[in-house]
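Comments concern the structure below.
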């Protein structure tokens, strides 16, 4: 139940922040406005502070996110490749693994195609792609690395946190003052980010863990193969916690949209059904390759000062911007 309620809080916060608008994703990748970055950085900065307090109080302890090695060219190659696929998929589908659930709850037209593509990605990942990558990692004896970014820079955790908060706050203030506001939503990106950060705080309080969405598609794939096997015990999903979280997200958005329909606003569809399906498929493969998405690696992973998360998100926005420019 905690996962469902936490998901509902996160979904409602994302919806109130305007992430059901496909234009928010596209405009950010094209650098036309900075609503997404403002909300993203505010939510991450808030999450970092909330987690630090919870850790100091011995309420919870979470390790930085590990790398996702493929054994190709770097111990972070899975984060780079996966992040690139995730970014390309975001540009094509005008969504991300979390926002497409928000779009579905708000009734955005292309969300049915995006969600279908994402679930197909989860089916492909759990059916064969994930197994191939895991076998390669085991055969190459690849090591996981959970070293926080501060250690690479020779900084203490406190110094790294202060640096992160300073840089993020500077970017938020600078872009708010000097760049045009998004046509939709009307809410300032920083305010939306505070709402999302509050939902993160609720997740830490109720579950002692942070938000992340892409694992839901992994579970959806496991459920598909379990049904296809005739419900064999050996194929049964090990957990449905992420499915409960995603269901809570959808429910939170749907209920808030019904209670406050003005929050929906004027939704402009930014992609075709074909691109929505293909893009969502790619971004789930990318997210699972990288070990997380813009929620798990971004808002949560960066707030834990994870090196792998910062590399993943840099790859997401780098490749996403290139693909978005190519689609213009």
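Glycine is no exception: its Cβ is also placed from the backbone N, Cα and C atoms.
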> Per TrEMBL, which of 154-175, 220-241 is transmembrane segment?
Replying inline: 154-175
> With TrEMBL as the source, which of 2-23, 112-133 is set down as transmembrane segment?
Replying inline: 112-133
> Any chance the transmembrane segment (112-133) and the transmembrane segment (154-175) are in contact, meaning at least three CB pairs closer than 8 A with a sequence separation of 6+?
Replying inline: no
> Against which stretches of its own chain does the transmembrane segment (154-175) lie, if we need a Cβ under 8 Å and a gap of at least six residues from its ends?
Replying inline: 34, 37-38, 41-42, 44-45, 48-49, 52, 148, 189-190, 193, 302, 305
>> Out of 37-59, 272-290, 302-327, what stretch is closest in contact terms to the transmembrane segment (80-106), meaning most Cβ pairs under 8 angstroms?
In response: 272-290
